[in-house]
Amino acid sequence: MSLPKAELHLHIEGTLEPELAFELATRNGVELPYADTEALRKAYRFEDLQSFLNLYYELMAVLRTERDFEDLANAYLARAAAQGVRHAEIFFDPQAHLARGVGMGTVVEGLWRALGSSEDNHGVSTQLILCFLRDESADSAMATLEAAKPYLDRIVGIGLDSAEVGHPPVKFREVYEAAAALGLRRVAHAGEEGPPAYITEALDVLGVERIDHGLRCMEDEELVARLVRERIPLTLCPLSNVRLRTVDVLADHPLPAMLDAGLLCTVNSDDPAYFGGYAGDNFDAVGQTLGLSEDRLRELACNSFLASFLEHDEERRARYLAEVEAYEFG
Ligand SMILES: Nc1ncnc2[nH]cnc12
Ligand SMILES: [Zn+2]
């Protein structure tokens, strides 16, 4: 669906399509434990978040040079643009690269080669969000923030991802405080597999402005009321939820109930190469399977721009919102 939209929950490493993975493996002399793209695609059957993360981290071995990160980002931006994405706030996972000896500069400069010219090349404005891996230590997160300091002009904010259960937000209190002092915006994954209490903690302890996923808020009526009252955006990822078995089937997804409750929901793709669809595919899927009306789809698209970190450019935001209003469904 080419309805104009912002993508606010997208891991750039999760856009690594099998074809590009093999191309980069060949270019860098990295051996992948899969015979070909077809064999790799067959590995894309996940039991839960961890089983996905195992493959996600394994395949990152092919990303080694600035050019690799540039190619990865350009491939994503071209696909996103074709599906109506006008603005993308893109996560990256530096710790997963630093651990392999790939430096912060290689990652950020490589991504920036694509992001810096994205408006001209793809018609997509972009921002970059550095994510900490919550299954690594708080000290490691702090060292990562330190390593990012020379690149802060390229980074709008910080996030928190990877294995959620057992790694509550409070573990990262100090690093979020340090990031806030640097003027960085704050988001965090919470309530994907973890309990509603992690959502509350992310708001109260980490001071986040958006919750990534947040699906499990629906188990706590008071929390839902608070999220509605405080207009906290949730960056939902419906196809991801099905692939990672957070919901059994898309038809059971709580998105309609969440919209009815007045939550500020957005629809995003998370790791589109792994979960069977980019942003527009997610919109198509919820439109068709959940029977969302055109008004609801338009509301989701408007929400994405309202929830974005575009305050510095209200003129642009107004232009994007006008594009949503003017969009004609086919
Ligand atoms: N859906 C997800 N949840 C947590 N960490 C992630 N890293 C990449 N995708 C993720
Ligand atoms: Zn995610």
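Keep in mind that glycine also has a Cβ here, set from the backbone N, Cα and C atoms.
Per TrEMBL, the features are:
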- 4-317: domain 'Adenosine deaminase' (DOMAIN)
- HIS9, HIS11, HIS189, ASP270: Zn(2+) binding site (BINDING)
- GLU192: active site, proton donor (ACT_SITE)
- HIS213: site 'Important for catalytic activity' (SITE)
- ASP271: substrate binding site (BINDING)
Cβ-based neighbourhood (8 Å from the centroid) of the Zn(2+) site, residues HIS9, HIS11, HIS189, ASP270 excluded:
LEU10, GLY14, PHE91, ASP161, ASP212, HIS213, THR235, CYS237, SER240, ASN268, ASP271
Can you tell me whether DSSP puts HIS189 (Zn(2+) binding site) in helix, strand or coil?
strand
Residue pair ASP271 (substrate binding site), GLU192 (active site, proton donor) - Cα distance, angstrom, rounded:
14
What is the number of other Cβ atoms found within 10 Å of the Cβ of ASP270 (Zn(2+) binding site)?
31
Could you check which of the recorded positions GLU192, HIS213, ASP270, ASP271 have their CB within less than 6 A of ligand 2?
ASP270
List nothing but the one residue from HIS9, HIS11, HIS189, HIS213 whose Cβ has the fewest other Cβ atoms within 10 Å; the candidates are the recorded positions.
HIS11
Taking all residues of the domain 'Adenosine deaminase' (4-317) together, what is their mean pLDDT?
98
Select the closest residue to GLU192 (active site, proton donor) from the following recorded positions, measuring between CA atoms: HIS9, HIS11, HIS213, ASP270.
HIS213
Protein Cβ atoms within 10 Å of the residue listed as 'active site, proton donor', excluding its own:
24
If you measure from the CA of HIS213 (site 'Important for catalytic activity') out to 10 Å, which binding-site residues from the list HIS9, HIS11, HIS189 are inside that radius?
HIS9, HIS189
